[in-house]
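According to TrEMBL:
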DOMAIN    177-299  domain 'Fatty acid hydroxylase'
TRANSMEM  28-51  transmembrane segment
TRANSMEM  76-101  transmembrane segment
TRANSMEM  136-157  transmembrane segment
TRANSMEM  169-188  transmembrane segment
Amino acid sequence: FQMKRDSGYSTMAEQQKQEEKLWDALKISAYVFSTGLLMFTALVNFVSWFMQGITLGNFWQTTWLKFYNFFEGDEWTIFLLGAALVPALAFWGFNGILMVADITGKPTFITRYRIQLGKNDPVDTKKLCQAIYTALANQVLISLPMLLAMFHIMKWWGNTFSKELPTFQWFLVELSIFTITEEILFYYTHRLVHHPVLYKHIHKKHHEWTAPIGVVSIYAHPVEHILSNTLPVMTGPMIMGSHIVSISAWFSLALVTTSISHCGYHLPFLPSPEFHDFHHLKFNQCYGVLGVLDYLHGTDRVFRQTKAFERHKVLLGLTPLSESIPEEPKAAE
């Protein structure tokens, strides 16, 4: 009985069935991911070819050299702009649009895709101001000093500020490693701060928002911001000794992606935020980013039995999934 309870499977047959489902899910994910990469690669190569035809040279390499020479090779300035300013602009630019929708309820093209209907409609401006203040404090007082340490680590690697850009193919390899590293570190540090001893003093702050909005993605206790928000994203580039352009692209992508996960809107053609939104709603489900470790550890079982799981996909049309896949009506008492 103890083995049955610990494993979460009633029989070996059920366990085998779950393993087959996982394998099928991984194959589908690999197919979708590889198809997306091929399409993205083709698009980037086309743009590069087109720009090369205009400039009679390698567009991206030429642009980087102009940028590098403009700052006279000042590595600290280049690192600060690439690793701090560009990602910050991406984060606040994206969240600025979302906050307009949260406050005003317009444009309806955004607000009609709200996940938790009736929540943040409109958002509590006092809570929003507190979230903005905390997010800014985390970026300035915690992320910047950590970037200073990262700068010296990257200088030790020696190729971060190279005049030669990495190839696009190598960047895709790095991106895969960054993503896997983030998934592992975020999942386990996230579960750690959900431990009752730590939750009360650290992680509870983040969960004040049971219906999150984009800026809440970095609304967290300083300890959590270090452990779960910053280190999982920084570790991959430090391991790989990545170029500052790769770091800038990855940091920007990570900040926008986590904002989407927290935004509260399931918007067309963007990654589904249903997974992490459900975590804020229920607290003890869906700890990771990709969901693979949640599947392996069984921390998504409740989620998989809900309508939110059915809606956890990229919306390829304009009809909100809350309308096409509505919640079951509650039984009359």
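Cβ coordinates are placed from backbone N, Cα and C, and glycine is handled just like the others.
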Non-local residues, at least 6 beyond the ends, that sit with Cβ under 8 Å of the transmembrane segment (169-188):
37, 41, 228, 231-233, 235-237, 239-240, 242, 246, 249-250, 254, 287-290, 292-294
Using DSSP, how many residues of the domain 'Fatty acid hydroxylase' (177-299) fall into helix, strand and coil, respectively?
87 helix, 1 strand, 35 coil
Rounded mean pLDDT for the residues that make up the domain 'Fatty acid hydroxylase' (177-299):
96
